[in-house]
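S.K.: What TrEMBL shows for this protein is this:
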REGION    95-138  region 'Disordered'
COMPBIAS  123-136  compositional bias 'Low complexity'
REPEAT    155-196  repeat 'WD'
REPEAT    218-242  repeat 'WD'
REPEAT    252-293  repeat 'WD'
REPEAT    335-376  repeat 'WD'
REPEAT    377-427  repeat 'WD'
REPEAT    428-469  repeat 'WD'
Amino acid sequence: MSFSIDEVNFLVYRYLQESGFHHSAYTFGIESHISQSNINGALVPPAALLNILQKGLQYTEAEITIGEDGTETRLTESLSLIDAVTPDIVAARQNAHNAQKQANKEPGSGGEQNGVDGTTCNAASTTGGAATPSAPENMDVDQSIEIPASKATVLRGHESEVFICAWNPSTDLLASGSGDSTARIWDMSDNPATTPNQLVLRHCIQKGGAEVPSNKDVTSLDWNCDGNLLATGSYDGYARIWTTDGTLASTLGQHKGPIFALKWNKRGNYILSAGVDKTTIIWDAASGQCTQQFSFHAAPALDVDWQTNNSFASCSTDQCIHVCKLHVDKPIKSFQGHTNEVNAIKWDPQGQLLASCSDDMTLKIWSMKQDTCVHDLKAHSKEIYTIKWSPTGPGTQNQNMNLILASASFDSTVRLWDVERGVCIHTLTKHTEPVYSVAFSPDGKFLASGSFDKCVHIWSTQTGGLVHSYKGTGGIFEVCWNSRGTKVGASASDGSVFVLDLRKL
């Protein structure tokens, strides 16, 4: 088996994307000219690079353990990936293995079945000649709260990883965005007699006088407040507005590079976007025109969030946060304090406190009333990927519940914070891989979390206890609740989207 340099570059690029390093993937893709290759990414399965490495490692181990006579003996110690590509180490292991094999054949050695003390050396205890089954992967999850596969609706159609999904605020339409350069709208209305209908929103560009697929990831999407329009952002540098019947209403072209984030304001008259070109843009939704472009960051802008209908915050790999306002030509406030790129920012329900999370493993709370952070929360041991405020407390429909903040980290944990006191009230620890997404139920009583361990967990926000758990078929990029709090949607790295109907449990 041999690979061209384009194939190797593409596999590395896809691995970075699947691992959540979207900004590194973009930079690597530009420098290695991925867009100029003729590789159809839709045909490359998820985790392709890892599968190739695993097969290569198995082949090297086979070379060591299989003798000239075709017999195979077990390696006493597995090869590491670095060992497998170091010729001297492979040769030394092979020589040692052969010597041990020869020693086992000599009279009095006890043969291959016996250890030094004469006891049988089996890899697993046996009963009736069969190995005892290993414990299930989720043995620490109470079987009574596991959601069986029969209770989930799995939606197939995407041909690549699905990075994002979002419910329509008015109806049970679920939108999803994928690396196959499409977004899809799935009708999840309560009609058990039919298979869920899907609309395919193909993201195309003009080339040679014709429309052709962009072959770029759909990285962000958001419904407007009425639920009659869907906005999408893509790696092709364009934002698009679609109607619920799948019609392309507008194409918004001003960014010079991929769009990383995109949000409607509450009134629904403006769309806000953040791009790798270091800028943020406010778009007039009715005309599709750029109303104002803000060029205050020194590096790619990663996330944006509206504070009011005409002011917003943005964050960047430049470690800075800016608060900007429409028709004002400089930031009305800037926050500095993070020591690595700032991945996400979110205003609380009242628009008074701004939360930010970073690769520096900290979570910070900011106020427009002061320059330094209100709280500097340090508990996670790896990068914090995203954050969400609960829909509770003053200014919400759940005023009698305390306001809390959830943070999701690559350390495989989710933490719930009492922001008023600046303390962690619950640490949610059932995940075994990086957690990419968290979402509160509309009543604030539950939190859904999605991880690359393929699991969606649903937790009680009051007790921190695990209420429901479902294991899908791919790493989870996004989780979201419908407006009634009855369904959880999720999107995954293997191209699947699924819906859990909690009323059936």
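Each Cβ is built from the backbone N, Cα and C atoms, and glycine gets one as well.
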S.K.: Give me the mean pLDDT over the repeat 'WD' (428-469), rounded to a whole number.
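M.R.: Mean pLDDT across the repeat 'WD' (428-469) comes out at 98.
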S.K.: Going along the chain, which residues at least six beyond the ends of the repeat 'WD' (428-469) come within the CB cut-off of under 8 Å?
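M.R.: Hits for the repeat 'WD' (428-469): 19-20, 138, 140-142, 145-147, 382, 385-392, 396-398, 401, 404, 406-416, 475-481, 483-485, 488, 490, 492-493, 500, 502, 505.
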S.K.: Mind checking which residues of the chain, 6+ beyond the ends of the repeat 'WD' (335-376), have their Cβ under 8 Å from one of its Cβ atoms?
M.R.: 23, 299, 302-308, 313-323, 382-389, 391-396, 403, 405, 407, 409, 417, 419, 422
S.K.: In the repeat 'WD' (377-427), how many residues does DSSP assign to helix, to strand and to coil?
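M.R.: Taking the repeat 'WD' (377-427) as a whole: 0 helix, 24 strand, 27 coil.
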S.K.: Which residues, given as numbers and ranges, are at least 6 beyond the ends of the repeat 'WD' (218-242) yet have a Cβ under 8 Å from it?
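M.R.: Cβ under 8 Å, 6 or more out: 22, 26, 163-164, 166-171, 173, 175-179, 181-183, 185, 201, 203, 205, 248-253, 255-264, 266-268, 271, 273, 275, 283, 285, 288.
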S.K.: So how many of the residues in the repeat 'WD' (335-376) end up helix, strand or coil by DSSP?
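M.R.: Output for the repeat 'WD' (335-376) reads 0 helix, 22 strand, 20 coil.
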S.K.: According to DSSP, how is the repeat 'WD' (218-242) divided among helix, strand and coil residues?
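M.R.: Counts, helix then strand then coil: 0 helix, 17 strand, 8 coil.
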